[in-house]
Amino acid sequence: MNRSIKQTILGHPPPLPIPHRSIPQPTGPDLDLISVAHSHLIHGEWPELSAVLARFHLTPFRTNHILLKTRPDPVLSLEFFNFADKHFPDSITHDTRSIILHIQTKSARFAVADSLLRRNPIFDSPQSSPALFESLLRTYRACDSSHRAFDALFRAYARARRFHCATDVFRRMKDYGFLPCVSSCNAYLNALNAKSRARVALAFYREMGRCRIAPNVYTLNAVMHAHCVLGRLESAVDVFRGMERAGCRPDRVSFGTLIAAHCKNGLLGEAVRLKTAMSASGVDPGVVTYNALIHGFCKEGKVREANRLFREMKARGVAPNVITYNILINAYGMMNNSELGGRVFEEMLKEGVKPDILTYNALILGFCNEGKTKKASHLVRELDRRGLAPNSSTFYALIKGECKRRNADRALRFYKAMIGCGCHPNSDIFGMLISAFCRNEDFEGAVPILKEMLGRSMAVEEGVVVELFEGLYRSGKSELADELQMELGDGEASDFGKTDDVRSAHSETYSRGYEAKQCAGRER
């Protein structure tokens with residue numbers, strides 16, 4: 001069935017005709033050189049070929065025709081293209097690159113085609129798709145090519161996450177009656193999902209339906225994922241239930257995607273039922289599925305059930321990975337049970353699973369929650385031996401631990417180390433530091449921390465501000481409190497050079513400080 005009739009049946013307008021342009025046939029000296037070069041090529045006489053081409057000058061016209069003569073042998077054509085690209089780069093044009101792409105894709109050498117496209121000097125240009133598409137179109141008939149060349153271009157842009165170019169190529173392909181294969185469409189859907197563009201992914205899936213591109217299980221898995229990201233759990237379930245009707249059998253990813261979504265929404269009972277149905281369908285749950293379930297139970301505080309799943313996965317021969325252990329260690333840390341968290345860590349090391357910074361952060365936070373700052377500091381020293389660098393979460397845990405023990409000065413040293421490492425503190429860290437100084441009645445020490453917090457345009461909790469100002473007034477530091485209020489007030493002098501965010505934060509803090517002053521005065 002020709003393209004025009006097929007498009008009419010599908011309800012689309014007839015495709016545009018492919019241009020009847022062709023590369024002029026060689027004559028005279030061009031024909032002689034091309035014949036000699038081809039003879040050297042097929043006999044593997046590279047030194048002789050190099051000498052001939054250097055003497056008689058290899059033009060783009062001659063390069064293109066040498067490639068066309070090697071079409072039956074895609075390996076030889078690629079070798080010649082690479083040779084010419086290296087030794088005679090001026091002989092390589094857009095059309096030359098298109099010809100070698102046609103040759104490789106017609107022989108189903110798609111990995112080679114992808115590499116050739118990425119090597120193209122203009123591939124990374126934001127507006128490269130029209131030029132590359134037109135060049136492929138211009139050389140299409142001379143190469144007796146197929147839609148695969150355009151499909152390769154679409155897939156290369158999709159995998160490179162060049163969404164604007166991929167969309168442009170897709171639209172141009174439709175105009176000429178070409179459609180990408182389902183695997184290329186899947187690459188585009190997965191790339192969109194990876195960049196959190198779930199709505200665009202669903203819109204493209206609908207376009208696939210209008211173009212009668214039959215989905216496979218990988219397509220539907222990507223669609224389910226997009227629905228789950230958007231919080232449309234019922235829609236994801238509908239896609240899952242319709243898989244059989246679409247001629248697809250749900251696989252491990254299909255079940256895992258739904259199980260993870262149910263766990264995220266706290267629907268643990270349904271998640272477990274899906275795991276049971278998964279096994280009944282002959283699909284064994286993998287580590288990703290078990291991790292989703294274990295995390296779901298831990299998030300709900302049901303660590304006993306999470307441990308049961310942990311034992312089950314090991315009994316079924318599914319090896320826990322670093323994520324599995326991190327989930328359990330973090331859960332025990334949140335329960336203030338660092339002893340059990342430590343046992344899980346020891347098992348992790350015994351099983352040969354390499355801990356990462358998240359593992360250590362969970363352990364450190366667990367110790368700090370219980371005030372065991374010495375053990376936490378020992379783990380920090382161990383980081384360097386394992387080639388790991390502390391991050392903001394590491395310092396948060398250490399500061400929290402020292403503040404719990406009312407070691408405000410040591411907490412402040414950790415804060416300064418955090419800044420020195422290039423990590424960024426959040427409002428919780430500032431709040432903990434200010435409160436720690438206030439509990440030690442070192443209200444003067446808390447003042448510069450509050451100023452730095454406001455300098456970072458961070459909002460201050462009302463309780464922290466009231467605690468500081470009441471402490472300043474009660475301890476006879478009313479002059480410092482008044483000075484701080486004047487500095488944070490909305491007068492002309494203090495307002496100069498401040499952003500709207502900083503000005504708003506200062507104004508709110510000023511109001512709370514004034515209220516604290518009134519309360520302190522009434523108490524006296």
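Cβ from N, Cα, C; glycine included.
Residues of the same chain lying 6 or more positions beyond the ends of the repeat 'PPR' (146-180) and with a Cβ under 8 Å from any Cβ of it are 3-4, 6-7, 12, 14-16, 18, 98, 101-102, 105-106, 108, 110, 113-114, 117-118, 123, 126, 128-130, 132-133, 136-137, 140, 187-188, 191-192, 194-195, 197, 200, 211, 213. What TrEMBL records for 146-180 (among others) is repeat 'PPR'.
According to TrEMBL, the repeat 'PPR' annotation covers 216-250 (among others). Outside the repeat 'PPR' (216-250) by six or more residues, the chain places 182-183, 185-186, 189-190, 192-193, 196, 198-199, 201-202, 205, 208, 257-258, 260-262, 264-265, 281, 283 with a CB less than 8 A from a CB of the stretch.
Residues or ranges marked as repeat 'PPR' in TrEMBL: 251-285 (among others). Sequence-distant neighbours of the repeat 'PPR' (251-285) (same chain, 6+ residues past either end, Cβ-Cβ under 8 Å): 217-218, 220-221, 224-225, 228, 233, 236-237, 240, 243, 292-293, 295-297, 299-300, 302, 305, 313, 316, 318.
Among the features that TrEMBL reports, repeat 'PPR' is placed at 286-320 (among others). Confidence in the repeat 'PPR' (286-320), given as mean pLDDT, stands at 95.
Per TrEMBL, the feature repeat 'PPR' maps to 321-355 (among others). With a cut-off of 8 Å between Cβ atoms, the residues of this chain six or more beyond the repeat 'PPR' (321-355) that come close are 287, 290-291, 294-295, 298, 301, 303, 306-307, 310, 313, 362-363, 365-367, 369-370, 372, 375, 386.
Here TrEMBL flags 356-390 (among others) as repeat 'PPR'. Sorting each residue of the repeat 'PPR' (356-390) by its DSSP state yields 26 helix, 0 strand, 9 coil.
What TrEMBL records for 391-425 (among others) is repeat 'PPR'. Cβ atoms under 8 Å from those of the repeat 'PPR' (391-425) belong to residues 357-358, 360-361, 364-365, 367-369, 371-373, 376-377, 380, 383, 432-433, 435-437, 439-440, 442, 445, 449, 456 of the same chain, restricted to positions at least 6 beyond its ends.
Summarising the annotation, TrEMBL assigns repeat 'PPR' to 426-460 (among others). With DSSP states grouped into helix (H, G, I), strand (E, B) and coil, the repeat 'PPR' (426-460) comes out at 26 helix, 0 strand, 9 coil.
What TrEMBL records for 491-524 is region 'Disordered'.
According to TrEMBL, the compositional bias 'Basic and acidic residues' annotation covers 495-506.
Non-local neighbours of the repeat 'PPR' (356-390) in the same chain are 322, 325-326, 329-330, 332-334, 336-338, 341-342, 345, 348, 396-398, 400-402, 404-405, 407, 421, 423; each lies 6+ residues outside the stretch with a CB under 8 Å from one of its CB atoms.
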